[in-house]
Amino acid sequence: NVSSENEFHIIAFSIPLVSQLELFLGILLIYLMAVLGNLTIIFLACLVPKLHTPMYFFLCNLAILDVASTSTSIPKMLAITLTQNHRISFSGCITQMYFFIMFANGEMFILTSMAYDRYAAICKPLQYCIIMRKNVYITISVSCWLFGALNSLSHTLLLSVLQFCHSHEINNFFCDLNTMISLSSSDITSRKVFMYFEVAIIAIVQFMLIIISYTFIFSTVLKIRFSAGRMKAFSSCTSHLITVILFYAPIIILYMKTESEDSKEQDKFLSMLYLVVVPMLNPLVYSLRNKDVWEAVVTLI
(Lines of atoms letter the chains of each structure in order from A and count residues from 1; the text may use other names and numbers.)
(Lines give C-alpha, C1' and ligand atoms only; values in the text may rest on other atoms or scores of the structure.)
Protein backbone atom coordinates (compact mmCIF):
# COMPACT_ATOMS: atom_id res chain seq x y z
CA ASN A 1 0.00 0.00 0.00
CA VAL A 2 1.47 3.35 -1.08
CA SER A 3 -0.24 5.10 1.85
CA SER A 4 1.82 3.11 4.36
CA GLU A 5 4.88 5.14 3.31
CA ASN A 6 3.20 8.48 3.93
CA GLU A 7 3.47 10.85 6.84
CA PHE A 8 0.58 12.90 8.16
CA HIS A 9 0.58 16.37 9.63
CA ILE A 10 -1.49 16.89 12.79
CA ILE A 11 -2.59 20.53 12.87
CA ALA A 12 -3.71 20.42 16.54
CA PHE A 13 -4.76 23.88 17.81
CA SER A 14 -4.36 26.97 15.61
CA ILE A 15 -3.51 29.47 18.36
CA PRO A 16 -0.56 31.87 19.01
CA LEU A 17 2.68 30.44 20.39
CA VAL A 18 2.23 32.07 23.82
CA SER A 19 -1.27 30.62 24.12
CA GLN A 20 0.07 27.21 23.08
CA LEU A 21 2.43 27.23 26.06
CA GLU A 22 -0.48 28.04 28.37
CA LEU A 23 -2.51 25.30 26.69
CA PHE A 24 0.37 22.84 27.15
CA LEU A 25 0.67 23.55 30.89
CA GLY A 26 -3.09 23.44 31.43
CA ILE A 27 -3.63 20.15 29.59
CA LEU A 28 -0.53 18.61 31.20
CA LEU A 29 -1.88 19.44 34.66
CA ILE A 30 -5.34 18.03 33.88
CA TYR A 31 -3.80 14.92 32.28
CA LEU A 32 -1.60 14.24 35.33
CA MET A 33 -4.61 14.71 37.63
CA ALA A 34 -6.64 12.28 35.51
CA VAL A 35 -3.91 9.64 35.54
CA LEU A 36 -3.20 10.04 39.27
CA GLY A 37 -6.89 9.99 40.22
CA ASN A 38 -7.68 6.88 38.19
CA LEU A 39 -4.55 5.07 39.38
CA THR A 40 -5.68 5.79 42.95
CA ILE A 41 -9.06 4.19 42.22
CA ILE A 42 -7.31 1.14 40.70
CA PHE A 43 -4.97 0.69 43.67
CA LEU A 44 -7.81 1.06 46.19
CA ALA A 45 -10.02 -1.44 44.35
CA CYS A 46 -7.14 -3.96 44.24
CA LEU A 47 -5.71 -3.52 47.75
CA VAL A 48 -8.78 -3.01 49.97
CA PRO A 49 -10.82 -6.24 50.49
CA LYS A 50 -13.99 -4.24 51.21
CA LEU A 51 -13.97 -2.99 47.62
CA HIS A 52 -13.74 -6.50 46.11
CA THR A 53 -17.30 -6.30 44.78
CA PRO A 54 -18.72 -6.29 41.23
CA MET A 55 -19.38 -2.54 41.34
CA TYR A 56 -15.79 -1.66 42.20
CA PHE A 57 -14.45 -4.31 39.82
CA PHE A 58 -16.24 -2.52 36.96
CA LEU A 59 -15.09 0.83 38.36
CA CYS A 60 -11.50 -0.44 38.30
CA ASN A 61 -11.95 -1.42 34.63
CA LEU A 62 -13.40 2.03 33.91
CA ALA A 63 -10.39 3.68 35.56
CA ILE A 64 -7.98 1.57 33.48
CA LEU A 65 -9.85 2.51 30.31
CA ASP A 66 -9.81 6.20 31.28
CA VAL A 67 -6.04 6.16 31.76
CA ALA A 68 -5.49 4.18 28.56
CA SER A 69 -7.82 6.23 26.33
CA THR A 70 -6.43 9.60 27.41
CA SER A 71 -2.86 8.29 27.06
CA THR A 72 -3.37 7.29 23.42
CA SER A 73 -3.55 10.89 22.18
CA ILE A 74 -2.71 13.45 24.86
CA PRO A 75 1.07 12.73 25.17
CA LYS A 76 1.44 13.06 21.39
CA MET A 77 -0.56 16.28 21.41
CA LEU A 78 1.60 17.68 24.25
CA ALA A 79 4.75 16.73 22.31
CA ILE A 80 3.42 18.54 19.21
CA THR A 81 2.59 21.64 21.27
CA LEU A 82 6.02 21.69 22.92
CA THR A 83 8.27 20.79 19.96
CA GLN A 84 6.12 22.08 17.07
CA ASN A 85 6.85 18.80 15.27
CA HIS A 86 3.45 17.96 13.78
CA ARG A 87 4.49 14.85 11.84
CA ILE A 88 3.15 11.37 12.51
CA SER A 89 3.72 8.25 10.43
CA PHE A 90 0.89 6.34 8.81
CA SER A 91 1.54 3.29 11.03
CA GLY A 92 1.69 5.53 14.12
CA CYS A 93 -1.60 7.15 13.16
CA ILE A 94 -3.29 3.79 12.57
CA THR A 95 -1.97 2.46 15.90
CA GLN A 96 -3.19 5.53 17.78
CA MET A 97 -6.61 5.28 16.17
CA TYR A 98 -6.90 1.54 16.91
CA PHE A 99 -6.26 1.93 20.62
CA PHE A 100 -8.42 5.04 20.91
CA ILE A 101 -11.45 3.28 19.34
CA MET A 102 -10.78 0.13 21.38
CA PHE A 103 -10.70 1.98 24.72
CA ALA A 104 -13.64 4.25 23.84
CA ASN A 105 -15.80 1.26 22.88
CA GLY A 106 -14.65 -0.64 25.95
CA GLU A 107 -15.71 2.29 28.14
CA MET A 108 -19.18 2.30 26.60
CA PHE A 109 -19.57 -1.43 27.28
CA ILE A 110 -18.27 -1.07 30.85
CA LEU A 111 -20.69 1.79 31.57
CA THR A 112 -23.55 -0.42 30.36
CA SER A 113 -22.28 -3.30 32.51
CA MET A 114 -22.21 -0.98 35.54
CA ALA A 115 -25.82 0.02 34.82
CA TYR A 116 -26.80 -3.67 34.74
CA ASP A 117 -24.96 -4.21 38.03
CA ARG A 118 -26.91 -1.37 39.66
CA TYR A 119 -30.16 -2.78 38.19
CA ALA A 120 -29.44 -6.20 39.69
CA ALA A 121 -28.45 -4.70 43.07
CA ILE A 122 -31.55 -2.49 43.44
CA CYS A 123 -34.27 -4.34 41.52
CA LYS A 124 -33.25 -7.91 42.47
CA PRO A 125 -31.39 -7.54 45.79
CA LEU A 126 -32.15 -11.06 47.05
CA GLN A 127 -30.73 -12.66 43.89
CA TYR A 128 -27.87 -10.18 43.42
CA CYS A 129 -25.13 -12.50 44.74
CA ILE A 130 -26.30 -15.23 42.37
CA ILE A 131 -26.75 -12.95 39.34
CA MET A 132 -23.40 -11.17 39.77
CA ARG A 133 -21.20 -14.12 40.69
CA LYS A 134 -17.46 -13.67 40.34
CA ASN A 135 -17.18 -15.68 37.12
CA VAL A 136 -20.14 -13.73 35.67
CA TYR A 137 -18.78 -10.23 36.18
CA ILE A 138 -15.29 -11.28 35.10
CA THR A 139 -16.76 -12.75 31.90
CA ILE A 140 -18.73 -9.53 31.29
CA SER A 141 -15.56 -7.45 31.75
CA VAL A 142 -13.48 -9.63 29.41
CA SER A 143 -16.27 -9.44 26.82
CA CYS A 144 -16.26 -5.63 26.99
CA TRP A 145 -12.53 -5.53 26.25
CA LEU A 146 -12.81 -8.18 23.53
CA PHE A 147 -15.73 -6.52 21.71
CA GLY A 148 -13.94 -3.18 21.85
CA ALA A 149 -10.76 -4.71 20.39
CA LEU A 150 -12.58 -6.55 17.59
CA ASN A 151 -14.68 -3.55 16.60
CA SER A 152 -11.60 -1.31 16.55
CA LEU A 153 -9.75 -3.88 14.45
CA SER A 154 -12.49 -3.86 11.82
CA HIS A 155 -12.31 -0.06 11.50
CA THR A 156 -8.52 0.10 11.31
CA LEU A 157 -8.29 -2.70 8.74
CA LEU A 158 -10.82 -0.95 6.50
CA LEU A 159 -8.97 2.35 6.86
CA SER A 160 -5.51 0.87 6.27
CA VAL A 161 -6.33 -0.08 2.65
CA LEU A 162 -7.46 3.43 1.67
CA GLN A 163 -5.32 5.79 -0.41
CA PHE A 164 -4.35 9.26 0.83
CA CYS A 165 -3.18 11.28 -2.14
CA HIS A 166 -4.94 14.66 -1.90
CA SER A 167 -4.21 15.84 1.63
CA HIS A 168 -2.23 14.70 4.68
CA GLU A 169 -3.40 17.54 6.93
CA ILE A 170 -5.29 16.15 9.96
CA ASN A 171 -7.35 19.04 11.31
CA ASN A 172 -7.47 17.62 14.81
CA PHE A 173 -5.09 16.90 17.67
CA PHE A 174 -5.18 13.12 17.14
CA CYS A 175 -5.96 10.59 14.42
CA ASP A 176 -9.74 10.55 14.61
CA LEU A 177 -11.58 7.98 12.47
CA ASN A 178 -14.00 10.46 10.91
CA THR A 179 -11.20 12.90 10.05
CA MET A 180 -9.04 10.17 8.53
CA ILE A 181 -11.85 8.84 6.34
CA SER A 182 -12.63 12.34 5.04
CA LEU A 183 -8.96 12.74 3.97
CA SER A 184 -8.95 9.63 1.79
CA SER A 185 -8.92 9.90 -1.99
CA SER A 186 -10.58 6.47 -2.31
CA ASP A 187 -14.30 5.78 -2.48
CA ILE A 188 -15.35 6.12 1.17
CA THR A 189 -19.11 5.58 0.79
CA SER A 190 -19.07 2.05 2.19
CA ARG A 191 -16.76 3.08 5.05
CA LYS A 192 -19.06 5.96 5.98
CA VAL A 193 -22.09 3.66 6.01
CA PHE A 194 -20.23 1.10 8.11
CA MET A 195 -19.04 3.78 10.55
CA TYR A 196 -22.52 5.25 11.07
CA PHE A 197 -23.96 1.74 11.43
CA GLU A 198 -21.36 0.92 14.08
CA VAL A 199 -22.04 4.18 15.94
CA ALA A 200 -25.76 3.41 15.91
CA ILE A 201 -25.28 -0.16 17.11
CA ILE A 202 -22.67 0.53 19.77
CA ALA A 203 -23.22 4.05 21.09
CA ILE A 204 -26.99 4.44 20.72
CA VAL A 205 -27.89 0.87 21.74
CA GLN A 206 -25.57 0.99 24.76
CA PHE A 207 -27.01 4.35 25.80
CA MET A 208 -30.57 3.04 25.44
CA LEU A 209 -29.73 -0.02 27.55
CA ILE A 210 -28.48 2.30 30.29
CA ILE A 211 -31.68 4.37 30.06
CA ILE A 212 -33.82 1.20 30.28
CA SER A 213 -31.84 -0.01 33.31
CA TYR A 214 -32.35 3.28 35.12
CA THR A 215 -36.05 3.32 34.23
CA PHE A 216 -36.44 0.05 36.13
CA ILE A 217 -34.17 1.32 38.92
CA PHE A 218 -36.14 4.54 39.46
CA SER A 219 -39.41 2.63 39.27
CA THR A 220 -38.20 0.28 42.02
CA VAL A 221 -36.76 3.06 44.19
CA LEU A 222 -39.99 5.07 44.09
CA LYS A 223 -41.82 2.05 45.53
CA ILE A 224 -39.66 2.11 48.66
CA ARG A 225 -41.78 3.44 51.52
CA PHE A 226 -39.08 5.01 53.69
CA SER A 227 -37.25 8.13 52.49
CA ALA A 228 -33.98 6.94 54.04
CA GLY A 229 -34.18 3.76 51.97
CA ARG A 230 -34.90 5.74 48.81
CA MET A 231 -31.94 8.06 49.43
CA LYS A 232 -29.61 5.12 50.05
CA ALA A 233 -30.73 3.42 46.83
CA PHE A 234 -30.37 6.64 44.83
CA SER A 235 -26.92 7.39 46.25
CA SER A 236 -25.63 3.95 45.18
CA CYS A 237 -26.20 4.76 41.50
CA THR A 238 -25.88 8.56 41.35
CA SER A 239 -22.12 8.45 40.77
CA HIS A 240 -22.52 6.10 37.82
CA LEU A 241 -25.30 8.21 36.34
CA ILE A 242 -23.13 11.35 36.55
CA THR A 243 -20.28 9.45 34.83
CA VAL A 244 -22.63 8.36 32.02
CA ILE A 245 -23.80 11.96 31.48
CA LEU A 246 -20.21 13.28 31.50
CA PHE A 247 -19.13 10.65 28.96
CA TYR A 248 -22.06 10.73 26.54
CA ALA A 249 -22.92 14.47 26.53
CA PRO A 250 -19.78 15.67 24.65
CA ILE A 251 -19.96 12.72 22.24
CA ILE A 252 -23.62 13.36 21.39
CA ILE A 253 -22.98 17.09 20.88
CA LEU A 254 -19.88 16.37 18.79
CA TYR A 255 -21.39 13.80 16.43
CA MET A 256 -24.93 15.16 16.18
CA LYS A 257 -23.96 18.75 15.28
CA THR A 258 -23.52 19.82 11.66
CA GLU A 259 -19.98 19.94 10.29
CA SER A 260 -18.46 23.22 9.16
CA GLU A 261 -15.01 24.75 8.93
CA ASP A 262 -15.87 27.32 11.58
CA SER A 263 -16.75 24.61 14.11
CA LYS A 264 -13.50 22.63 13.76
CA GLU A 265 -11.89 24.35 16.75
CA GLN A 266 -15.05 23.76 18.82
CA ASP A 267 -14.95 20.10 17.83
CA LYS A 268 -11.36 19.86 19.08
CA PHE A 269 -12.27 21.30 22.46
CA LEU A 270 -15.27 18.95 22.73
CA SER A 271 -12.94 16.03 21.97
CA MET A 272 -10.55 17.38 24.60
CA LEU A 273 -13.45 17.47 27.05
CA TYR A 274 -14.21 13.76 26.91
CA LEU A 275 -10.57 12.74 26.41
CA VAL A 276 -9.03 14.63 29.35
CA VAL A 277 -11.59 16.45 31.50
CA VAL A 278 -14.04 13.55 31.91
CA PRO A 279 -11.31 11.03 32.94
CA MET A 280 -10.15 13.60 35.50
CA LEU A 281 -13.68 14.10 36.89
CA ASN A 282 -14.62 10.41 37.14
CA PRO A 283 -12.38 9.63 40.18
CA LEU A 284 -13.64 12.81 41.88
CA VAL A 285 -17.27 11.79 41.28
CA TYR A 286 -16.71 8.34 42.78
CA SER A 287 -14.54 9.51 45.69
CA LEU A 288 -16.37 12.65 46.82
CA ARG A 289 -19.78 10.96 46.77
CA ASN A 290 -18.75 7.55 48.09
CA LYS A 291 -18.10 6.71 51.75
CA ASP A 292 -16.61 3.31 50.85
CA VAL A 293 -13.80 4.96 48.88
CA TRP A 294 -13.00 7.36 51.74
CA GLU A 295 -13.02 4.46 54.23
CA ALA A 296 -10.69 2.53 51.92
CA VAL A 297 -8.27 5.49 51.88
CA VAL A 298 -8.37 5.67 55.68
CA THR A 299 -7.78 1.91 55.90
CA LEU A 300 -4.69 2.11 53.71
CA ILE A 301 -3.36 5.13 55.61
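Including glycine, each Cβ sits where the backbone N, Cα and C put it.
What TrEMBL lists as transmembrane segment is 23-48 (among others).
If you look up TrEMBL, you'll see 37-286 marked as domain 'G-protein coupled receptors family 1 profile'.
For 55-74 (among others), the entry in TrEMBL reads transmembrane segment.
Sequence-distant contacts of the transmembrane segment (94-116), counting only residues of its own chain at least 6 positions beyond either end whose CB sits under 8 Å from a CB of the stretch, comprise 55, 58-59, 61-62, 65-66, 68-69, 72-73, 76, 88, 137, 140-141, 143-145, 147-149, 151-153, 155-156, 159-160, 174-177, 180, 202-203, 206, 209-210, 213-214, 240, 243-244, 247. The annotation transmembrane segment is assigned in TrEMBL to 94-116 (among others).
If you look up TrEMBL, you'll see 136-154 (among others) marked as transmembrane segment.
Per TrEMBL, the feature transmembrane segment maps to 193-221 (among others). Listed by sequence, the residues of this chain that lie at least six past the ends of the transmembrane segment (193-221) yet keep a Cβ under 8 A from its Cβ atoms are 105, 108-109, 111-112, 115-116, 118-119, 122-123, 151, 154-155, 158, 177-178, 181, 230, 233-234, 237, 241, 244, 248, 251, 255.
Residues or ranges marked as transmembrane segment by TrEMBL: 233-256 (among others). Counting same-chain residues at least six beyond the ends of the transmembrane segment (233-256), those with a Cβ under 8 angstroms from any Cβ of the stretch are 62, 107-108, 111, 114-115, 118, 121-122, 199, 203, 207, 210, 214, 217, 220-221, 224, 267, 270-271, 273-274, 278, 281-282, 285-286, 289-290.
As annotated by TrEMBL, transmembrane segment applies to 268-286 (among others). If you look at the transmembrane segment (268-286), the same-chain residues 6 or more away from its ends with a CB under 8 A from one of its CBs are 12-13, 27, 30-31, 33-34, 37-38, 40-41, 59, 62-63, 66-67, 69-70, 73-74, 172-174, 176, 239, 242-243, 246-247, 250-251, 253-254, 293.
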Any idea what the model's mean pLDDT is for the domain 'G-protein coupled receptors family 1 profile' (37-286)?
84
